[in-house]
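Working notes for the structure below.
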Amino acid sequence: MPTPTSPEANHHDKEGKTEHQEFLGYDDPHRAALEDNPEHADKLTWSVALSALFLGTSFTGPIIFGFILVTPILVQLSGLIGGENIDFWIPSGWGAAAAVGFSIAGRLSDIFGRRPVILVGQALTVVGGIVACTANDMNQLIAGEVILGASIGTVSVAYAGLSEILPNKWRGAGLAWTEFNLAAYAVPGTLLANTLISNASWRIMFYIAIGYGAFSFIGTFWVYYPPSHPRPDGKTKWQEFKELDFIGAFMFVAGLAVFLFGLNSGGNTYPWKSGGTLAPLILGLIVFVGAFVYDFNIPRDPLFPWYLFKNFREFSALPVLVFVAGMVFFAASALNAQTILYLFTADPIKIGLYSIPSGAGQLIGGVLIPGLVHKIKFVHYQLTFAVFMQTLFFGLAALITPHNLNWLMAVQFLAMLPFGWITLNCYTAASLNVPQRDLGVAIGLIGTFRSVGGSVGSVILSSIFEQTATKQVAQRISNKALEAGVSASTIPDIIGAVELTLVGVPGQEATLSGVSSRTFETCVAAARNGYAYGFRMTWLASIPFGVIALICAAAVRDPSRYFTNHVEIHLNKKVGGKYEEDAKGQEAKEVPT
């Protein structure tokens, strides 16, 4: 029998003291933050530090090397392995798989624990990287991207896992660490991608993704051992799983997948007005919304608890914010490079260099500011200002012309900065407001809405740009050519030659007869202005969405009072398979074998 001063007694006493606190956080995060608030924050232990390291690096492989570096070089990739007519499924398939994975993985982690779900996500990164790096055709590459999308949807549970092991006041800093692993690559991302495909091999990106997946998997398996949280009602994990709302889960997954298929098929596989586009769009949306209606009213243990959604100021405003922020950000991620291409240069290295301000903005907005959220506080004001800033500067992007490169770079920096700020502050607010029993699904829903917003925004804004620019470019080239006395029958050839010139194909002027160099240069300049007009209409169209987000941001209830020293869970083991030392520095006990 352990003595009162033995390590065994200390360990069991600690368990007894924290049992009520754990159940308190399980049901009421606000009381837990205020009542279980020691004078000093827990000392950072090796197991917590290393867990944060490996959880934070889990995102780098599937996001950076599976998506961010891939999307700027889609044209070059399809030129190497074919599939020009289906390459749009690389970002679309990745995004759809991620959106589906977020919420389902989040709920499963609430039942079975964060650790096994995160490990599955990290393993999927390795599998997806292998499938992608061995691809010799576009279909296999798309399959690899879908697996990588599923991996990020699954591994996003690490947002909840990381928040739980840190004091409330450090949660923003912990999430900023995950963003640092992304933003550090995003700064030179376009430059790096173009350099790899031009001077080495695109497969290297997926080799690195495999390395990150293996690194995070091994590390997480070694050091991350969160405790098992018994429910106050005594239900086992298997009982919880059997009572899960499988009908609602199926409707959610099926509806979202079908809706995203229709959304991404429109204008690509099928015309927008065809049944092949409208049927999955309408059917998917009905089933997706129906999943929530069913889940709110019928199941005893719902997948998406109604109490979360009816609390607009503390939760449901947050998915709306990231939906709108994702709409504009993910669309801009593709359109920024196109802006440089069509308005300024086709040189891939220069495109990469001119894109650096965009990555720098993401680094500051996603790392520095969210890392100081507990110092700045006033989270609702931060969100309101960040949304206002994003809306304002994407609106001011309408002023970009082929003659103001410096303005383009400034707007890129200022417009891309708020996205990480908004997203991580939403995650932090959710982690402080949502009971631990539902934190996984809450974080997952925010991720789902961010991803779906990105898909919707990319389609809407890209369609506005393409339709507007196509008409404007053709009209402006025609006007300049006719003014120069060029025959109307030659105009289609001029349009084709100008478009190829803008994307970097040399010698196009020589293919035209009866067109002077001056006339051709005038037509090229007219085309650049036509594309600038297309971008102008696109960014102006983003403003109404920003206004909606601004209203939601202003309504968010400030959670700053909960930035306390409370820690939701303490890891069971430290490196080497031992129990953690308690706050008084007592000896730890070896795990029995």
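Heads up, the Cβ atoms here are built off N, Cα and C, so glycines get one too.
Taken from TrEMBL, the feature compositional bias 'Basic and acidic residues' applies to 9-20.
Under the heading domain 'Major facilitator superfamily (MFS) profile', TrEMBL lists 44-561.
Look at TrEMBL and you will find 1-20 tagged as region 'Disordered'.
TrEMBL lists 52-74 (among others) with the feature transmembrane segment.
The transmembrane segment annotation in TrEMBL covers 86-105 (among others).
Same-chain neighbours of the transmembrane segment (117-135): 55, 58, 61-62, 65-66, 81, 101, 105, 108-109, 141, 143-158, 161, 203, 206-207, 209-210, 212-214, 216-217, 220-221, 224, 440, counting only residues six or more beyond its ends whose CB sits under 8 Å from a CB of the stretch. Marked as transmembrane segment by TrEMBL: 117-135 (among others).
Here TrEMBL flags 141-162 (among others) as transmembrane segment.
According to TrEMBL, the feature transmembrane segment maps to 204-225 (among others).
Annotation comment: TrEMBL describes 246-266 (among others) as transmembrane segment. Listed as Cβ neighbours of the transmembrane segment (246-266) (distance under 8 Å, sequence separation of 6 or more from its ends, same chain) are residues 88-89, 92, 95-96, 99-100, 103-104, 107, 272, 276-292, 294-295, 299, 302-304, 448, 452, 455-456, 459.
Per TrEMBL, transmembrane segment is recorded for 278-296 (among others).
Counting only same-chain residues 6+ beyond the ends of the transmembrane segment (317-345), those with a CB under 8 A from a CB of the stretch are 68, 71-72, 91, 95, 190, 351, 354-355, 358, 383, 387, 390, 394, 400-402, 405, 408, 412, 415-416, 418-419, 422-423, 426, 429-430, 445-446, 448-458, 460-462, 465, 469, 502-503, 527-528, 531-532, 535, 538, 542, 545-546, 548-549, 552-553, 555-556. The annotation transmembrane segment is assigned in TrEMBL to 317-345 (among others).
Summarising the annotation, TrEMBL assigns transmembrane segment to 351-369 (among others).
The annotation transmembrane segment is assigned in TrEMBL to 381-401 (among others).
The transmembrane segment annotation in TrEMBL covers 407-427 (among others).
Annotation source TrEMBL lists transmembrane segment at 537-556 (among others).
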For the transmembrane segment (204-225), sequence-distant contacts whose Cβ falls under 8 Å of one of its Cβ atoms, 6 or more beyond its ends: 46-47, 50-51, 53-55, 57-58, 60-62, 64-66, 69-70, 115, 118-119, 122-126, 128-130, 132-133, 144, 148, 151, 155, 161, 193, 196, 571-575
